[in-house]
Amino acid sequence: MKIAIAGASGRMGRMLIEAVLNDADAQLVGALDRAGSPFLGQDAGAFLGKDTGIKLTDDLDAVFAQAEYLIDFTRPEGTMAHIAAALRHDVKLVIGTTGFTAEQKAELQAAAGKIGIVFAANMSVGVNVTLKLLEFAAKHFSHGYDIEIIEAHHRHKVDAPSGTALMMGEAVAGALGRSLDDCAVYGRHGVTGERDPSSIGFAAVRGGDIVGDHTVLFAGIGERIEITHKSSSRVSYAQGALRAVRFLSARGAGLFDMQDVLGLR
């Protein structure tokens, strides 16, 4: 599997490079970084004390010409440029970027008509199994329980609520036969009045080096149920991304997520 990594100098990019280098079935063939990055020209394995012979570059076409797959955990504007390059070079994509606009998501979906794409806000096995648990719980706590989603991430995260929190909200809302767009309440402030019993509330915490904590609270009278997932390392995301690459190796064009990859549908 000839794999290139986007955002190669970032925290997730470094973890992905390490995962690819340690996988006997994978070959690192490219490492992309943003234009103007101070790390351009540096060996992709320098962060690990290894010499890979692959230099960090901002030349999209040069990297895509060598790759069969690109793993992308960057930002929406970067990912959209990567999608365009992938279409030019017929490269399959594993995308963990969050914060897309509706228009950008539509472009991503259109691209999946020509190339294989796995798009998931969270690629850990644990989170995706948790989504199934939430669907089950929501169906049984549909009356008399208020639903709130609390997430916490490191100080550098730029979007809120997290993509994973939104995935959890969509799983719960879908199980209840609702649209998250219609029932979500984000970041209450001031005099808000009584809680709408059909709403799903979101709260976001940012600080320190928190990798990612998510709790869905079902609060009833006399009891509450909390379903929590906590990430202590980005290793689970990197391993999930490689699992997604393997999944795409046996697929043609189409848009998939980790529920497809893990056979949880």
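In case you wondered, yes, glycine gets a Cβ from its N, Cα and C as well.
Annotation comment: Swiss-Prot describes Gly7, Ala8, Ser9, Gly10, Arg11, Met12, Asp33, Gly96, Thr97, Thr98, Ala120, Ala121, Asn122, Met123 as NAD(+) binding site. DSSP classifies Ala120 (NAD(+) binding site) as coil under the three-state reduction. Of all the Cβ atoms in the protein chains shown, 25 others lie within 10 Å of the Cβ of Ala120 (NAD(+) binding site).
Residues annotated as NADP(+) binding site in Swiss-Prot: Arg34. Taking the Cβ of Arg34 (NADP(+) binding site) as centre and 10 Å as the limit, one finds 18 other Cβ atoms among all the protein chains shown.
Annotation comment: Swiss-Prot describes His153 as active site, proton donor/acceptor, evidence class sequence analysis. Residue environment of His153 (active site, proton donor/acceptor) contains 25 other Cβ atoms, counted within 10 Å of its Cβ in all protein chains.
Annotation source Swiss-Prot lists (S)-2,3,4,5-tetrahydrodipicolinate binding site at His154, Gly163, Thr164. For the recorded site, Gly163 ((S)-2,3,4,5-tetrahydrodipicolinate binding site), the DSSP three-state label reads helix. The number of other Cβ atoms within 10 Å of the Cβ belonging to Gly163 ((S)-2,3,4,5-tetrahydrodipicolinate binding site), over all protein chains shown, comes to 17.
Feature annotation from Swiss-Prot assigns active site, proton donor to Lys157; the stated evidence is sequence analysis. Every protein chain shown contributes to the tally, and the Cβ of Lys157 (active site, proton donor) ends up with 17 other Cβ atoms within 10 Å. In the three-state DSSP classification, Lys157 (active site, proton donor) falls within coil.
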Of the recorded positions listed as Arg34, His153, Lys157, Thr164, the one whose CA lies nearest the CA of Ala120 (NAD(+) binding site): Thr164
Cα-Cα distance linking Asn122 (NAD(+) binding site) and Gly163 ((S)-2,3,4,5-tetrahydrodipicolinate binding site), given in Å to the nearest integer: 7
